[in-house]
Amino acid sequence: MERLLVLARHGQSEWNLKKLFTGWRDPELTELGIDEARRAGRWLKSQGTQFDVAFTSNLRRAQNTCALILEEMGQAGLETIRNEALNERDYGDLSGLNKDDARERWGDAQVHEWRRSYDVPPPGGESLKDTAARVLPYYIQTILPRVMSGERVLVAAHGNSLRALVMVLDGMTTKTIASLEIATGIPLVYRLKADTTVESKTVLDKDIDQDN
């Protein structure tokens, strides 16, 4: 039985390009972000991948990435379930601020702690621990059972909601997760064992040009 789980962070958004804290704000994808999503779909198709169901967040950048991936794979219209449990972490008072401006206001060390620590939230926002507290129950109760039943599952979401999942899948600690970056538009392909642990993991090489 194939137990396939593919995680994909959305393509570059307009606020990624401007280096703004985004969180639950809802900017569109850039042209590069659209290209990243399409490229991910082409790569997955080239690997012979097909999906039975897709999950995404309530935010457009993830929803559009999901749709573009599926379109490139010839699976437009696939069952796609949206849920705010998969939303990006809420950056609270940092939302909409330029990251360099935030460093000038609060200092490099404080902003780094808010961005990379496991359990220190920015003012009015969520820590990675808080994000995991909504992502992981949704994964365990809703997504994982479908993977374990043999369905091939795509999850198109966000850097921090996916970091929470990767932390569990890869057995990372609250310290090692601090250094993990999930690139935009790069699929993480997991195959799971019968006990729900990881059998294999494949990551698209971001330097591969799928048009050549």
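The backbone N, Cα and C atoms fix where each Cβ goes, glycine too.
Counting Cβ atoms from all protein chains shown, HIS10 (active site, tele-phosphohistidine intermediate) has 30 others lying within 10 Å of its own Cβ. Residues annotated as active site, tele-phosphohistidine intermediate in Swiss-Prot, with sequence analysis given as evidence: HIS10.
With a 10 A radius on its CB, GLU88 (active site, proton donor/acceptor) counts 26 other CB atoms from all the protein chains. Per Swiss-Prot, the feature active site, proton donor/acceptor maps to GLU88; the stated evidence is sequence analysis.
What Swiss-Prot lists as substrate binding site is 9-16, 22-23, ARG61, 88-91, LYS99, 115-116, 159-160, and the listing cites sequence analysis.
Within the same chain, residues at least six positions away from HIS158 (site 'Transition state stabilizer') with a Cβ under 8 Å of its Cβ are ARG9, HIS10, SER57, LEU59, ARG61, ALA62, LEU86, ASN87, GLU88, ARG89. Per Swiss-Prot, the feature site 'Transition state stabilizer' maps to HIS158; the stated evidence is sequence analysis.
For GLY159 (substrate binding site), the same-chain residues lying six or more positions away in sequence with a CB closer than 8 A to its CB are ARG9, GLU88, GLU181, ILE182.
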